[in-house]
Amino acid sequence: MKETIVAQATAPGRGGIGILRVSGPLATKVAQAILGKCPKPRMADYLPFKDADGTILDQGIALYFKSPNSFTGEDVLELQGHGGQVVLDLLLKRILQIDGIRLARPGEFSEQAFLNDKLDLAQAEAIADLIDATSEQAVRSALKSLQGEFSKKVNELVDSVIYLRTYVEASIDFPDEEIDFLADGKIEANLRGIINQLEDVRSEAKQGSILREGMKVVIAGRPNAGKSSLLNALAGREAAIVTDIAGTTRDVLREHIHIDGMPLHIIDTAGLRDAIDEVERIGISRAWTEIEQADRIILMLDSSDPESADLSKVRSEFLAKLPSTLPVTIVRNKIDLNGEQASESEQGGYQMISLSAQTHDGVQLLREHLKQAMGFQTGMEGGFLARRRHLDALDKAAEHLQIGLVQLTEFHAGELLAEELRLVQSYLSEITGQFTSDDLLGNIFSSFCIGK
């Protein structure tokens, strides 16, 4: 017999309304014990919530959803009372006294919904993403995922792969036919079509990943180059202390901002130089750690100081120490001191923005550059949120499609192509949970809120 679980569905703390959710075959037993009756399915009933001795603990709305017409696909009882934490704890304690009832694990209600085919894995993850959304655009995209937009695109890809895989395996199973199915062009055309179809989904998923997770941008450079001033300009507030004293910033400062809906984690770091004391040395060490973990570096140069703005010196002192794959944007700051105009150009293979963090002249140029460099498109009509595991699965599927194309066009190897298509199908199915390990499911749902 399946277990019956209970948890508080509203956030802990004081509030106007507090909700307890019960799911499982004993939900009606809980209703009888607490309410004295089971409400009619999908009908709100205003009733007292009673303790074991008949004492009224609270009173409020009771809702009963009969299996399979509920969020979890099981019998569900919701008790909506007053939001005082003590009241909710007393009611929860009473329910847990009933034989066969236990406290739900984090995300267990959503896990039950997934296991009972009420929603797939991508939709279940969208619930957590909707709760954690930090912008209006993220909310809209999470709702798209919850409504099955992402899953629909993935399932269409899976259907295309299954069709092609069936065709390829049929050509292998009937080698005596006069028609050479592998050479008639149909398989290659279909395969290239799937590759293009997958690229479209990958592009949208990358947008969705940026929207969900944000991008980590580290501001680095010599002391007194204006790094903290730029952080304040981008954040729109005095987030960092700014003085004319070199080395004012000793530790890492973090700000979460949005540029036209694109979330960015902006990180201000200590000035990079030979440290003059132990505290500054620790700050510089932390700065390099942040730099190594960044999605993009903003390298600040002081345009009023010819020596510090010398690109050849910057290349040897700083750029040569970075991983070759790490994107860098060079910012020439303090143009207000020499009368320059804000501009964007390319020098030495790097995009260069000339601006004044003090007057904010050119800061909007940097904002637009970051948005473009990150590949973010404002609006994202019809977009969906995506997680890192989704991108990994799509990337692996794309890799095996390309391998399959080589097996077909260069080696005429139908058996090897069929195996690559099987792997593609497996990776895509991981996204929606059709083929997913129990360990992965545990990791995903354990990150959810209790009561979700």
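Heads up, the Cβ atoms here are built off N, Cα and C, so glycines get one too.
Among the features that Swiss-Prot reports, (6S)-5-formyl-5,6,7,8-tetrahydrofolate binding site is placed at Arg21, Glu78, Lys118, Lys452. The K(+) binding site feature in Swiss-Prot is assigned to Asn224, Thr243, Ile245, Thr248; the stated evidence is sequence analysis. The GTP binding site annotation in Swiss-Prot covers 224-229, 243-249, 268-271. According to Swiss-Prot, the Mg(2+) binding site annotation covers Ser228, Thr249. Look at Swiss-Prot and you will find 214-375 tagged as domain 'TrmE-type G'.
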Ala270 (GTP binding site) and Lys118 ((6S)-5-formyl-5,6,7,8-tetrahydrofolate binding site), distance between Cα atoms, whole Å:
50
Largest separation between Cα atoms (Å) of residues that the record links to (6S)-5-formyl-5,6,7,8-tetrahydrofolate, namely Arg21, Glu78, Lys118, Lys452:
18
Where does Lys227 (GTP binding site) sit in the DSSP three-state scheme?
helix
Measuring Cα to Cα, tell me the gap between Lys452 ((6S)-5-formyl-5,6,7,8-tetrahydrofolate binding site) and Ser228 (Mg(2+) binding site) in whole angstrom.
40
Need this for a regression test: binding-site residues Arg21, Glu78, Ser228, filtered to those with Cα within 10 Å of Ala270 (GTP binding site). What's left?
Ser228
How many whole Å apart are the CA atoms of Arg21 ((6S)-5-formyl-5,6,7,8-tetrahydrofolate binding site) and Ser228 (Mg(2+) binding site)?
48
C-alpha of Asn224 (K(+) binding site) to C-alpha of Glu78 ((6S)-5-formyl-5,6,7,8-tetrahydrofolate binding site): distance in Å?
59
State the Cα to Cα distance, in Å, between Lys227 (GTP binding site) and Glu78 ((6S)-5-formyl-5,6,7,8-tetrahydrofolate binding site), rounded to an integer.
52
Once the chains shown are all counted, how many other Cβ atoms turn up within 10 Å of the Cβ of Ala270 (GTP binding site)?
27
Given the binding-site residues Arg21, Lys118, Lys227, and counting only Cβ atoms in the protein chains shown, which has the most within 10 Å of its Cβ?
Lys227
Report, as a single number, how many Cβ atoms besides its own are within 10 Å of the Cβ of Glu78 ((6S)-5-formyl-5,6,7,8-tetrahydrofolate binding site).
21
Taking the Cβ of Lys452 ((6S)-5-formyl-5,6,7,8-tetrahydrofolate binding site) as the centre, count every other Cβ atom within 10 Å, in any protein chain shown.
21
Could you give the Cα-Cα distance between Glu78 ((6S)-5-formyl-5,6,7,8-tetrahydrofolate binding site) and Ser228 (Mg(2+) binding site), in whole Å?
50
